[in-house]
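Now, the feature entries from TrEMBL:
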- A:24-468: domain 'Amidase' (DOMAIN)
- A:K79: active site, charge relay system (ACT_SITE)
- A:S154: active site, charge relay system (ACT_SITE)
- A:S178: active site, acyl-ester intermediate (ACT_SITE)
Amino acid sequence: MELLGLSAREIAAGVKAKKFTAEEAVRASIERIKRYDKKYNAIVALCEEEAVASAKRVDEAVARGEEPGALCGVPYVVKDNFCTKGIVTTCCSKMLKGWVPNYDATAVEKMKEAGAVLIGKANMDEFAMGSTTESSIFGATLNPRDRTRVPGGSSGGSAAAVAAGYVPVALGSDTGGSVRQPAAFCGVQGMKPSYGQISRYGIVAYASSLDQVGPLAANVGDLALLMDVLAKGDPNDTTCDAYERPSFTGAAAKASLAGKRVALLTGYDRGSLDAPLSAAIDRAVEICRAEGASIIDVKLPITMEHSVACYYMVALGDASSKLACYDGMRYGHHADGRNLSEMYKKSRMEGFGEEVRKRILVGTCILTRGYYENYFVPAMKVRQLISDEFKNLFEEADMLICPISPALAYKRGLGEKDPVRMYLGDVFTTIANLAGLPSVSLNLGFTAEGLPTNVQLLAPRFGDDGLLCCAAAIERAAGAPHIAELTEDD
Amino acid sequence: MKREVVIGLEIHLQLKTRTKLFCSCSTDYIGATPNTNVCPVCLAVPGTLPVINDLAVDLAVKMGLGLHCDIQDGTRFHRKHYFYADLPKAYQITQYEHAIAQGGYLDIIAEGKKKRVHLDHLHLEEDAGKLVHPTADGRLSGAAYSLVDYNRGGMPLSEIVSRPEMNSPAEALAYIAQIRQLARYLDVSDGEMESGSLRVDVNVSLSNPDGSLGTRVELKNINSLRSIGRALEYEIARQNRVLDEGGELEQETRLWDDAAGVTRSMRSKEGARDYRYYVEMDLAPIDAKPDYVRRIRESLPEMPWDKRDRFVSEYGLSLEESQQITEQREVADYYEEIVKAGAPAAKAANWMRTEVQRILRDDALDITEFPISARRLGELISKVEKKELSNTQAKDVLAAMYGEKLSLEEAMKKCGASGEKMTGGALEAVVEKVFASQPEAVDAIKKGADKKGAKVKFLQGLVMRETRGSADPAEVARTVAELLK
Ligand SMILES: [Zn+2]
């Protein structure tokens, strides 16, 4: 039985129908990782023993005739900032090197309940700060589509694991595009749900008001399946609403654009996009029109002008606050000092990498009296204006189409050479986080050189089901991406 | 030159909840093994998130309503940042610019005068852990290491901030006592200073000649009402002395050294510390819709000051008596039960303040532990009123009821106070007995040596004592005279 390239739905159905066992699916996944990941470095901790044991439990349950979950026997990986009970969780930072949580993140728990099997922890930018997965203490992940390029970040390991065919689905976290941009760079589908849709409990925080768990998969149907499993209220996270969710798989199965009002973002320099990405947008619009949607051109002047600055104000201010708990006292890297203050300084100086220190420093500055009033408070007001701009937009449209990133997957090393360009690359993704909107990164095929092209779709807050319905329709017309062909040689 | 004293108080009340403010750890930490009342949330383990304890919000709103504050809907928490070993998140979750209860006031009586003290606000916050320094005197200096106990970390506190409107130590003490009484009436907090469930920071300054506020000094680390009084007296005198000598006061925080009876400078320029307050995005704004506030308001008991004034008008007590009886809600309730059982209000008040309070004090009992029901005590007191028992007898009966756990009837029998008057033959027998014990006096009277009648009076007194007051004094006099013939 060839398991490579099967979707999560196909694997779950196969295990349920006893065409193959969960153990076989899990072992296939582990074998592929063992064979190729020395080259790609997407996985930072493989938990083979635990995975095989869980898979056997799933098989036993199936044998007993118990109702298996929606993801029964499906292998998956999570970004290394999800707490996993008994399995190292490091945020790819020296600060948490070797740290083993004694509890599972709610999202991990939900996956387990649905019968999914955790294979390992995926590489990421240290503490989710970066767009290239190059700042990990475990070294950079390579893009499975082109090893000279980065997989995007910060959930680069998760996106690469799906693109490489290690696992059909993976989980990442998206603070300013950290699921969608790597999905785009690696040629898979990625989603950032509405803020408050999935519990953040157990996700090591970057920025409380922006972070959201996001699924990655090779197709929209699997994204919807993960949404059904993950999007539930959680008493441990009071920002995760306890409302009754619609069926996301039901919505995706409809896959329809008929009668939909689709907004196309204009008012920025289309010429500044890499040509294949501009073409991908045209293609998506064409599909929408052909499928019976009406197209309107819209501008988001405040959003386009201010979102990046606003995003970094909010994110870095929050990050400096959330990362203050790493003081060397109770867990994580500890350095001795002659007094308390020296201990803090040395522990934090040694434990955090350069990008993280830089962001904490800027964030601390932003929250300092004076700067707070002059920079942070206005940023919060701008954030409200951005939300308002979207509220108005979604009164006349059901969905917005815009780019994910202005560029195709970057060559490795760009972050060091041109950090500002890298930050500006976030202009289109951060808006969804600032406004709390659901957003999907949708693959639209590949360039002649084999680089993935893509578009971003956005919908009103808690319009995640409608978004998946449209995304599935576009995917049906454009075709879902296939997994990458890997090589073992250099 | 007379400078006016200006005092403002910040009172931390530990709220009476079973679990901490943001997690489900027990609040029962006194005497618990260090670091046993902790969980991933209150230790700030990565990935954890705070969840608000609704009961703590209810209690804060209750207290706010008791203090006549405006309850705000949709208030938020802030993070107050500083690195310290007892603060796991490196920020304290507190309410900064959006306190749940705003404004308000408290009427106090100090040195016989009523006064209204206005409040700035009441807010909710979590407590920090505790450092233990393993030196002989428990101080940090000289210790090679320190231990941290996070059991107290995350305990729910409400901080009540007054405006600087108190003008004497007596007013400050009356204010604290009134807050404590209210907290106990509302069952919001134990309000005990010894166990730390009520903590007070004092701001004190002397007004300038032009009436403007002088340099403000904050006093911390004061653990009893008595110490607060002493610390204030000391600090006021110190500030006056510095100013009299032409010196200048520094804005600073001073610690009260109870043993030495002085305040000492802790750190100056406290105001310069930047806590980098930031909205706590992990917690949604607090819902306090008018409906909810109305429900809490309707659940409030009678306020202590209302009870105090009502006891004056309804029972005719003096303000002082009423104040004493209403000090504790349960005592006041007990008193009202006695009155309901038929005891006259004035006499009941007297009994409460003397006999009952004495037993409670001597045996360190709470009124709720007092074994004699209010109804029985009421009956006992009404027997005195009906002259079925003398005061002395009634006290003996109460002692027997309490000490020997007897019923009212049994105790009366035991004390020979069946309630019936001693007359006729029974009385004569007593008189004979007294005569027998005092042959010289009887002899002297019979010889006519008792010119002033002092010895007769003496014998009558002995008879009265012997009958425990159950005989009619006139009849006693008559019987004594007759038997002396
Ligand atoms: Zn706890």
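The first residue you see is number 1, and the count goes up from there.
Each Cβ is built from the backbone N, Cα and C atoms, and glycine gets one as well.
Automatic, uncurated: that is what TrEMBL annotation is.
Just so it is clear, the model here is predicted, and its values are computed rather than measured.
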When neighbour density is defined as the number of other C-beta atoms within 10 angstroms of a residue's C-beta, which of the active-site residues A:S154, A:S178 has the lowest density? A:S154
Which whole-number value in Å describes the distance between the Cα atoms of A:S154 (active site, charge relay system) and A:S178 (active site, acyl-ester intermediate)? 5
What does the structure give for the C-alpha distance between A:S178 (active site, acyl-ester intermediate) and A:K79 (active site, charge relay system)? Integer Å is fine. 11
Restricting to the domain 'Amidase' (A:24-468), what is the model's mean pLDDT? 96
Are there residues of the same chain, six or more positions away from A:K79 (active site, charge relay system), whose CB falls under 8 angstroms from its CB, and which are they? A:K121, A:A122, A:M124, A:A128, A:S154, A:S155, A:G157, A:S158, A:A170, A:L171, A:G172, A:S173
